[in-house]
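Here's the structure we're looking at; comments come further down.
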């Protein structure tokens with residue numbers, strides 16, 4: 001790995017009460033000697049002036065030095081905590097970069113150093129970014145659990161079980177003349193089924209973590225004046241969209257970020273769908289369809305006071321244009337005017353909810369439906385956060401475990417069982433970074449903040 005000494009601002013760019021510069025690498029102590037005029041004792045706070053190359057004082061603050069390997073990155077680390085003015089931070093950063101052998105850190109490079117120095121695994125490194133970006137208390141708590149190793153521990157337990165079983169299978173292959181037929185005695189099958197059950201549990205928890213991290217994109221669609229913007233306002237709990245009796249009031253895409261019991265929802269209100277002649281409205285309708293095609297779920301809003309034949313036509317025309325893979329929920333709005341009961345039922349394979357966005361009756365039915373449609377389960381203790389790549393790795397591991405079970409129970413093919421288990425181990429180890437390509441590492445860490 002690179003032994004460069006890197007520096008970056010660890011606090012957000014802009015003005016604040018405190019600004020922190022972080023230096024990591026072999027030359028961290030040399031930076032302290034040149035900028036502070038003093039050799040620092042590890043893990044001791046020092047209040048000192050920060051000096052320019054000509055000896056003039058740039059700022060004064062607290063300096064902390066951590067000697068490798070006892071630091072976040074596993075390298076020598078120096079932190080300078082000064083006043084948070086951006087000019088001051090820039091001057092101090094410029095001063096440090098004048099020292100030979102020091103360069104500006106790439107995004108996520110401090111966390112990458114920590115990963116490469118075995119201070120944390122890849123799932124924990126990703127949890128740092130997730131904790132910073134958490135949009136709810138539950139997401140933050142779950143990210144912290146991942147950072148503390150809860151997710152990694154579950155993966156490592158699975159890997160250990162797979163390694164144990166691989167050893168057992170390969171022993172059966174290497175010693176075929178033993179009196180006991182290890183492949184047929186039932187022990188390998190029992191262990192394999194136990195691993196499959198454990199993996200299923202971790203997959204379910206990871207799915208919850210992915211929902212908590214990434215949320216669900218819900219697009220509200222329908223004809224003008226059906227009550228789309230009113231529903232957006234009701235779900236958001238504020239007047240996010242202008243609501244009038246004039247058809248076509250909403251002409252552009254409106255976005256709101258909300259939470260339902262900790263589950264993040266990206267709610268998108270769109271222009272009313274109709275044959276428009278106004279050029280601006282046409283653009284809004286094109287954008288509406290762009291959002292519809294990228295949605296996790298569509299809420300088609302119908303005005304329940306209109307003629308049922310007309311509503312059936314609206315629904316059939318919309319469904320004819322809708323990409324087949326996108327889930328659809330029918331919302332019959334204005335139940336307070338039509339006299340419909342606020343209920344949820346199934347019709348022809350579609351969920352239909354009658355509600356009133358104006359009075360908010362029946363809206364809780366919609367909230368519960370959105371949670372259930374994503375498979376989200378409220379966990380008061382908090383789980384761990386997971387990413388799509390984690391889910392994909394777990395899914396691949398499950399596929400190869402099932403394949404291994406078939407090879408064992410139907411064909412007694414020990415070599416093929418061992419190969420499937422090797423592939424399972426590889427996919428699981430990708431999650432923690434034990435087996436990970438350099439390209440994947442680059443993609444992951446490049447999405448981090450500069451000073452992380």
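Glycine too: its Cβ is placed from the backbone N, Cα and C atoms.
Remember, predicted model here, so these are calculated numbers, not experimental data.
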Residue in 15, 22, 388, 389 which Swiss-Prot records at the (6S)-5-formyl-5,6,7,8-tetrahydrofolate site where 79, 119, 452 also bind: 22
Cβ-based isolation winner (fewest other Cβ atoms within 10 Å) among the binding-site residues 22, 119, 228, 334: 119
Separation of alpha carbons, residue 228 (GTP binding site) and residue 452 ((6S)-5-formyl-5,6,7,8-tetrahydrofolate binding site) (Å): 41
Nearest recorded site to residue 250 (GTP binding site) by CA-CA distance, among binding-site residues 22, 119, 225: 225
Among 246, 271 [binding-site residues], residue with fewest other Cβ within 10 Å: 246
Alpha-carbon spacing, residue 22 ((6S)-5-formyl-5,6,7,8-tetrahydrofolate binding site) to residue 334 (GTP binding site), which is rounded to whole Å: 57
